[in-house]
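Peer 1: So TrEMBL lists these for the protein:
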type	residues	note
TRANSMEM	A:12-35	transmembrane segment
TRANSMEM	A:42-59	transmembrane segment
TRANSMEM	A:65-84	transmembrane segment
TRANSMEM	A:96-116	transmembrane segment
TRANSMEM	A:136-159	transmembrane segment
TRANSMEM	A:191-211	transmembrane segment
TRANSMEM	A:254-278	transmembrane segment
TRANSMEM	A:339-357	transmembrane segment
TRANSMEM	A:415-433	transmembrane segment
TRANSMEM	A:462-481	transmembrane segment
TRANSMEM	A:512-535	transmembrane segment
TRANSMEM	A:547-573	transmembrane segment
Amino acid sequence: MSSWLDYTINGLIVGNVYALVAVGLALIFGVSRLINFAQGSIYLVGAYIGWVAVVQLHTPLPLTIIVVAVAAALVGLVIERFGLRPLQNSVRIAPLLATIGISFVLDQLVMLTFSPNPRALPSQLPDVRFQIGGGTIGPLDLLIAGVGITSALLLFVFLRYSKLGWAVRATAQDRDAAMQMGVDVNRVNQAVFGIAAALGGVSGMLVGMYYNQIDTAMSLQATLKGVVAEVVGGAGNVPGAVIGSLLLGLVESYGVAVFGTSYRNLFAFLLLVVVLVLRPNGLFASARQAPPEPLTGTFIAPSRPVRIPRWALLVAAAAFAILPLFPVSFYVLQTLINAWLLGMLALSLTLVAGTIGQVSLGHAALLAIGAYTSALLSLGFAVPVGLSIIGGGLMSAALGTALISPSFRLRGHYVSIATLAIGEIVSLVILNWESVTRGPIGISGIPPLSLFGYDLISPNSIYWFSLVVMIVLALLQARLLGSHLGRSFRAIRDDDIAARAYGLSLNRYKSLAFIFGGFAAGVSGGIAAHLYSYINHETFNTQQSILALTVVILGGLGNVVGAIVGSVALVGLPELFRIAAEYRILIYGIVLLLLVRFRPQGLLGTM
Amino acid sequence: MSNIDRRTLVKGSLAAMMAGAAFSRSAFAQSSEPILLGVSGPLTGPNAQYGTQWKQGFDLALDEIQAAGGINGRKLAYQFEDSQSDPRQSVAIAQKFVSDPRIVMELGDFSSPASMAASPIYQRGGLVQFGFTNSHPDFTKGGDFMWSTSVSQADEQPLLAAYAVKRLGLKKLAILHLNTDWGRTSRDYFVKAAKEYGAEIAVTEGYIAEERDFRSTLVRVRDASPDGLILISYYSDGALIARQARQVGLKQTICAASSVYSPKFLELGGEAVEDVHLGTRYFPEDPRPEVKKFITGFKAKYNGQEPDAFNAYSYDAMHMAAAVVKIGGTDRRAVRDAFAKVKDVSSVIFGTATFDVESRRVKGAMNAELVVRKGQFALWDGKPT
């Protein structure tokens, strides 16, 4: 029985660590209704500034904390002023994309300055241990708990009793009304970003000391766990974020206790999905709280799409179709094959996210389902490859829709978080369901693409095959959007209450969109599996999902041609920047930020 | 950037690519051009640290190769393309290398998904893919252009099991392993060998690479009451586990796979990694001349930094590539055939390396049994800890 005490204590200790990130995220969400994907990067920056202070400058701990807090707050202010403020009147989704771009840039800057090798960040506290149950805790555990709880309390008091705190809350409730009442909204935002960033930086440093290890990969993990904890506690609710973090830590710890280490994150994300489905506003949201998203669909603002004449599209399609007949290198063709495969995924996501307004952050899961289905069908049941890919598409459509259906009642950001969690769950199930998926060993020896008994192995034939499949899917989708179905989809996106009042069944239309989208993504995954010949649980990861969303927003939400243009751009740009070696992802991040800044509605506009 | 600029940039680089392909063919005839190897590996992204370590090993080996007169008078050079260990990018890089006639051989990639996704392209394109860190048992099954000097886990794990069970006398083991293709394969070989030597496996726990908190896992380990912990880990996660094991009061002997062999393991683990046992392929006071040359050369080139396992892999790989190209020349098929011909290439990892033509791998890695003493790796003196 004493083990359960240990599991409980361990859960609370790690929950404590999550709380530091979650509080910062909650604060920013509370004011600007924005999931700040750059929070993990500020955490990273804080850890490295802490390293400079401790190892190079030998500052004592209180001074280290102050240095890190001030420096991180400055980073936060710069992000707010130059990254987000210019976007405040544009589409609601633009700042989300901007924070993703900012996190690319910050992570890369840290990596270039400090090299990607992990470093030791020695703790400056005396190494005494206190015995609790079967384990021990140290002074850092207490300091982290102290910082987490104190900052949550201070923020709570600040928001409730100070004048600036009132202004923050007023801005959160209704930005325009607050402005009319004379609140300097920009100053409020600045204050919030400064505080959240200071907190993020200090937490990165403390967690680095806690593990005596900092490295550039810690940023994304911190964001993921922080987002889960924050949403479980109720997005925007600061004390809720602390309790959500502790709960997350406990669930993970008990998950390890009962099922073993490799199931740990599975429980974290299952907790998130369950909470979202049962209590979409989080466990600690009060009933009279205003709904977290506006009732009408201002999440995705309509814009005037760029109309491309039909002949131009035909010319472009023909030009790409005859490209392999010219002496272009196979490298260019392979890059375009990647673009066509990403294009199919983007078509799927632009339908789901853009046309019907369910912004998915877990779309790579659909690729994985399609890829594994097609690979296993062709290997285990000797299904011809062409048919197995269609099988992969169908499985992805069915399973993807079934998995996402519990979260159909969610809106806006909550859909993104639920899909993010579902994506992680699919990947972890693939890792653990060894009898079917072969677990971490992966599936090797997948047969190459073939059609009617002929193997497609030359780059030219693979190029034509994927181009044709993508064009067919694009034409089907364009046809769909032009029908009454497309109009219903857009009606649901723009105003789901009006749509419901008009007699549209939301769930049925959302299912239809996910079935069609799941098929396209599954086909893309299936083709990829036969192209690569080897896949495992890491082949289709979260970065793929984020890339797909970037493509869709870049091309213009719901825009079929935009999805394809965006795919070509985002596959092509990093390849063009190859000459810049280590700097290419940095340049890519900056280009992304500039695009969001100057064309938030996407290159071709929202349909 | 204005529209016009962007368009000219795209056009310009497309033209440059085509011109490059045409130009290089004529330039190839002149022997003043260096012989070029392609490297596909992570320089950015989550595995970036390993790509930078590769570079250090490559550059040191190239200095030595150049100083010894290069390849029949010509210099050897490499072109490093960043794949982020992403299969989508590694396949594009594969086509890039295959269609670039200057490239005579490819080295890498790092992770199995990225490497093995590119294998069909190298195989069909007839360019050797020399995967020097690819331990996945199916890697060389991709075709006769896939060769690997990665230490086979079928070789390494029985050595580690012998160290833990026979020499250290551990009878009831808890295994913590990275839940990747490498960690899983290693675990299976280790378990098989340890059981043959008469040990009992109390518990095995697989963790994902991003994991940092192992306290709850260690409670499971404690409840299984083993007398030894086996870490099939890299140095960063290995150091984390050792620290947390000591913090929660586990005092059992820890025995780790050779992949923790890095000065970073000592730096990150601090006092907690004291008395950790590990099997390695070489060690600082190793009397072998090739190891002395490698370590002194490395320290001289990189400001006194100690080399680690990944530095050694890439250093060996570059020397192997040089030996192969010396025999095979610049013809890609001849290069492949040369892999079967090279004999007894001096190697830090293997002592001397010769390929087994059947499996296209090298057998018989060197083995040394080390222990961490006073914050340094030292040869184990046979005393229990």
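Even glycines carry a Cβ here, placed using N, Cα and C.
Note: TrEMBL annotation is automatic and uncurated.
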Peer 1: Do the transmembrane segment (A:547-573) and the transmembrane segment (A:462-481) come close, with at least three CB pairs under 8 A (pairs 6 or more apart in sequence)?
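Peer 2: Answer yes: the transmembrane segment (A:547-573) meets the transmembrane segment (A:462-481) with 3 or more Cβ pairs below 8 Å.
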Peer 1: Quick check: do the transmembrane segment (A:96-116) and the transmembrane segment (A:136-159) share at least 3 Cβ pairs under 8 Å, counting only pairs 6+ apart in sequence?
Peer 2: no
Peer 1: Please give the sequence-distant neighbours of the transmembrane segment (A:65-84): residues at least 6 beyond its ends with Cβ less than 8 Å from one of its Cβ atoms.
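Peer 2: Apart from its flanks, the transmembrane segment (A:65-84) reaches 32, 34, 38, 42, 45-46, 49-50, 53, 59, 95, 98-99, 101-102, 106, 189-190, 193-202, 204-205, 593.
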Peer 1: Ranking A:12-35, A:191-211, A:339-357, A:415-433 by Cβ pairs under 8 Å to the transmembrane segment (A:462-481), which is first?
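Peer 2: Comparing A:12-35, A:191-211, A:339-357, A:415-433: A:339-357 has the most Cβ pairs near the transmembrane segment (A:462-481).
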Peer 1: Taking A:12-35, A:191-211, A:254-278, A:339-357, A:512-535 as candidates, which has the most Cβ pairs under 8 Å with the transmembrane segment (A:136-159)?
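Peer 2: If we count Cβ pairs closer than 8 Å to the transmembrane segment (A:136-159), A:12-35 scores highest.
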Peer 1: Taking a Cβ cut-off under 8 Å, which residues six or more beyond the ends of the transmembrane segment (A:415-433) line up next to it in the same chain?
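Peer 2: Tertiary neighbours of the transmembrane segment (A:415-433) are 35, 96, 224, 227-228, 231, 262-263, 265-266, 269-270, 272-273, 276-277, 358-365, 368-369, 372, 403-404, 407, 439-440, 537, 540-542, 545.
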Peer 1: Sequence-remote contacts (6 or more beyond its ends) of the transmembrane segment (A:12-35), Cβ cut-off under 8 Å?
Peer 2: 42-43, 84, 92, 95-96, 99, 137, 141, 144-145, 147-148, 151-152, 155, 159, 168-169, 171-172, 188-189, 192-193, 195-197, 199-200, 202-203, 206-207, 210, 222-223, 225-230, 233, 235-238, 240-242, 244-250, 252-253, 292-293, 413, 416-417
Peer 1: Are there residues at least six beyond either end of the transmembrane segment (A:254-278) with Cβ under 8 Å to its Cβ atoms? List them, or say none.
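Peer 2: The answer is 3-4, 7, 11, 225, 228, 231-232, 247-248, 406-407, 409-410, 414, 417-418, 421-422, 424-425, 428-429, 431-432.
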